[in-house]
Amino acid sequence: MSATGLTRRNTTSQIEAMKGTRPIVSLTAYTTPIARLLDPHCDLLLVGDSLGMVLYGMESTVGVTLEMMIAHGQGVMRGVQKACVIVDMPFGSYQESKEQAFRNAVRILKETGSDGVKLEGGEEMAETVAFLTARGVPVFGHVGLMPQQVKTAGGYRALGRSEEEADKIRRDAKAIEQAGAFALLVEGTVETLAREITASVGIPTIGIGASPACDGQILVSDDMLGLFSDFKPRFVKHFAQLAPTVSKAVEAYAEEVKARTFPGPEHTFQPKK
């Protein structure tokens, strides 16, 4: 149910059934106000651990905590009426054991009310994904470039250029599908490989830096809106440039405060006559 309890939101089963129908529209969301703006237009909203970089200024997603993800998941859930909401499991919250993953995934679902969790990993995480899905936890898989592993993967770069890399990602995708994931995020791979994976698996692929042939697309909302300026990946398109708009608005506010023209009479309360 939605935050108002009046409408039904998309389920993970409905997202899975969208494969081969129409493209799945996805974006990241971290706060209630942004979730409200995105919700009417999106099939799925991801409370991504990218919030560590976008909101908190971290250099990577590694420093994000479970408590941070739960707090932002709660905020996003207050703003949705339609979209399926998935919460990222942060680094260190699921890699130790499948039991640890289940314990923390259940905490996310119970404390946020979200529809599922996302975790990174391929063949090495398939047993964990199967353990979760067998116990009622919907899992959104993630293969290709994995930001939580960037420190050991040689940085941010497109993967699958070599046959060895491509074959590993193919095996990863198949393993996560067979483990019971309802969808698969494919990140930072060469276009032909993402296209091939989309055709070879029976669950939806949602691409970021992948291929237009994927069953859906996702971007970090702050990237898409032109709000995050630390760096711009090749795969990002700015559908708006809000950073200059915000800067100009703050500049105008500052000038009016200094000139004592704000607040004006229309912004203040007067005694009754």
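Cβ atoms here come from the backbone N, Cα and C positions, even for glycine.
What Swiss-Prot records for the 3-methyl-2-oxobutanoate site is D49, S50, D88, and among K19, K110, K118 the residue it adds there is K118.
Rounded to a whole number, the C-alpha distance linking E187 (active site, proton acceptor) with E120 (Mg(2+) binding site) is 10 angstrom. According to DSSP, S50 (3-methyl-2-oxobutanoate binding site) is assigned to coil rather than to any helix or strand. Across the annotated binding residues for 3-methyl-2-oxobutanoate (D49, S50, D88, K118), the two most widely spaced Cα atoms sit 12 Å apart.
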